[in-house]
Amino acid sequence: MSDHTWFIIAMVIYLIAMLSIGVWSYLQTDEYEDYMVGGRGLHPFVAALSAGASDMSGWLLMGLPGALFVSGFSEIWIAIGLLIGCWCNWKLVAPRLRSYTEIANNSITIPSFLENRLRDKSHTLRILSGVIILVFFVFYVASGMVAGGRYFESSFDGDYLTGLAIIGAVTVLYTFVGGFLAVSYTDVVQGSMMFLALILVPTFAILNVDNPGDIFTFQLDNTYGDAANEIAANSGWFNPVSGVGFVTIVSGLAWGLGYFGQPHVIVRFMAMRKPSDATAGRRWGVGWMGLCLVGSVFIAIIGPAFFAQNGDASFSDITNYETNFLDIAKVVFHPLIAGLILTAVLAAIMSTVSSQLLVVASALIEDIYAGLINKSATDNTLKNLSRAMIIIVAIIAALVALDPDSAILGLVQFAWAGFGASFGPVVVAALFWRRLNVPGAVAGMAAGAAVAFIWGGLPQFNVMDKPFGLYEMIPGVIINILVMVIVTLNTREPDEEVVTEFDEATRLARLAESDKNLDIASARDKILAEDGKTVTR
């Protein structure tokens, strides 16, 4: 059989497995809460891999190795920032958010949590959050579809648009059918595939280089053939500060700030069984991410020497060099094994797209339709409307992704900054600042989103380069915090009911976080036994 036949067999096996999980999850989903957050019963291992797989997306296997290949270790600051941000998110936000969302009227989305936490009777926070989620997730989902189209081109020499359509359709189908459980359990499979691929591909690539010990000196000395020199002739390739200034380093590290505001990541925190599960989740999640990032970096390190010494290897993508992972795998493995390895990219793409589609559906249906338009809607109505919204958003994102030359990393960083700058500071403040009020949260969120959209949108829409070359996350987060604090301190203090619930929720959360045997209900009972007071509304 031809290589393409083996690749197709591997992909079909994978797609059937994903659809099977979707059907199984459908059978486990009775209530609307089950469809959106899995009934708050997610094991920490599942939560960790699901958060990681939905977060990393196709850029981990394609975007990041491509950026490193072209620019060298000056791009490593992104990986460092993400690893630090991931740890902080699990440490600070995960346990407290798991506690507070249950206490705050059992909120199952970020917009509903903010509204319930601050008692926003005007619903401004809910509406603004829904608009922000819709706008930025269109670009985020589009980045996954671009990666899917490139995957299809590289693996099967197929048409970009055909690949985009096939991968988009299957992802929509299992998300449509199974909801949050399908997304979470497929994420575990997909996260495991990504991990194995990022370990195996660089390992076998090293074994296929004539002298593995010379890989580093090859790059420094530029002792490749002409083609390789044309791609990566950079004597400072391994120097993380070579050719870059303070702004570039800070911009890379600033990616870590985005974690606090990613709805598709932090929704996993809400779905855990109990707050104390965040400790185990942090170990699994940060460990998985760290090893995957190391593998991604090594793919870029090995790439120049590998392509220079293997005549059978060639780049499928000579615009952004984002297919080096795929191109290496096709050379070093048997076609069937290579096909299974290549599905790891498909797994990364689909895990992120499915999570994002579900979050958009929840924001528009749970937060706007059920929260404002039809508060008496039945569970079946909400589930069906959510499924319809998944299809609509996927179609819009596909239209954005029609340009095959879109840089995956560029689309991701724009959307990542949008969420980090709009939601991040407000979510953290809602969890830890008792003085926060509705006007402050609304003003900060709107200001952060606007700055990120305008600052990052200038190059995205071919207007001009970013001012000072600074990543939009930084001005967006700073403006959000300043506006939020200034407006909050100069407007009415929150009602006593809000402050009292914050204090009681903080007490409950600390107790539930410190004792691994306690969930929120058990912590409430323990406090009631101690002082006889009603803890929540």
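Numbering starts at 1 and runs along the chain as displayed.
Cβ atoms are placed via backbone N, Cα and C, with glycine included.
Predicted automatically and left uncurated, TrEMBL annotations should be read as such.
Listed by sequence, the residues of this chain that lie at least six past the ends of the transmembrane segment (6-29) yet keep a Cβ under 8 A from its Cβ atoms are 35, 155-156, 170, 173-175, 177-179, 181-182, 185-186, 189, 334-336, 338-340, 342-343, 346-347, 350, 383. Annotation source TrEMBL lists transmembrane segment at 6-29 (among others).
Marked as transmembrane segment by TrEMBL: 68-90 (among others). Outside the transmembrane segment (68-90) by six or more residues, the chain places 52, 55, 231-232, 234, 236-244, 248-249, 251-260, 265-266, 278, 281-282, 285-286, 289-290, 293, 296-297, 300-301, 303-304, 320-321, 324 with a CB less than 8 A from a CB of the stretch.
As annotated by TrEMBL, transmembrane segment applies to 127-148 (among others). Long-range contacts of the transmembrane segment (127-148) within its own chain (CB-CB distance under 8 A, at least 6 residues past either end) are made by residues 57-59, 62-63, 110-111, 114, 163-164, 167-168, 263, 322, 345-346, 348-350, 352-353, 356-357, 359-360, 363-364, 367-368, 372, 393-394, 396-398, 400-401, 403-404, 406, 408, 411-412, 414-416, 418-419, 422-423, 442, 445-446, 449, 453, 460.
Summarising the annotation, TrEMBL assigns transmembrane segment to 160-181 (among others).
The transmembrane segment annotation in TrEMBL covers 188-207 (among others). Beyond the transmembrane segment (188-207), the same-chain residues lying 6 or more positions past its ends with a Cβ under 8 Å from any Cβ of the stretch are 17-18, 21, 45-46, 49-50, 52-53, 56, 60-61, 215, 288, 291-292, 294-296, 298-299, 301-303, 306, 325, 328-329, 332-333, 341, 343-345, 347-348, 350-351.
Residues 37, 51, 54-55, 74-78, 80-86, 88-89, 93-94, 97, 109-110, 133, 180, 352, 355-356, 358-359, 362-363, 413, 416-417, 419-428, 468-471, 473-474, 477 of the same chain lie 6 or more positions beyond the ends of the transmembrane segment (244-267) yet place their CB under 8 Å from a CB of it. TrEMBL lists 244-267 (among others) with the feature transmembrane segment.
Feature annotation from TrEMBL assigns transmembrane segment to 288-307 (among others).
Under the heading transmembrane segment, TrEMBL lists 336-365 (among others).
Taken from TrEMBL, the feature transmembrane segment applies to 385-402 (among others).
Residues annotated as transmembrane segment in TrEMBL: 414-433 (among others). Outside the transmembrane segment (414-433) by six or more residues, the chain places 92-93, 96-97, 100, 110, 113-114, 117-118, 129, 132-133, 135-137, 139-140, 143, 255, 257-263, 266, 440-441, 444-446, 448-449, 451-453, 456-457, 460, 471-473, 475-477, 479-481, 484 with a CB less than 8 A from a CB of the stretch.
Under the heading transmembrane segment, TrEMBL lists 440-458 (among others).
Look at TrEMBL and you will find 470-489 (among others) tagged as transmembrane segment.
Here the transmembrane segment (336-365) has long-range neighbours at 3, 6-11, 13-14, 18, 36, 50, 53-58, 60-62, 108-109, 111, 129-130, 133-134, 137, 140-141, 144-145, 147-148, 151, 155, 167-168, 170-172, 174-175, 179-180, 182-183, 186-187, 189-191, 193-194, 196-198, 200-201, 263-264, 267, 325-326, 329-330, 382, 385-387, 389-390, 393-394, meaning same-chain residues at least 6 beyond its ends whose C-beta is under 8 angstroms from one of its own.
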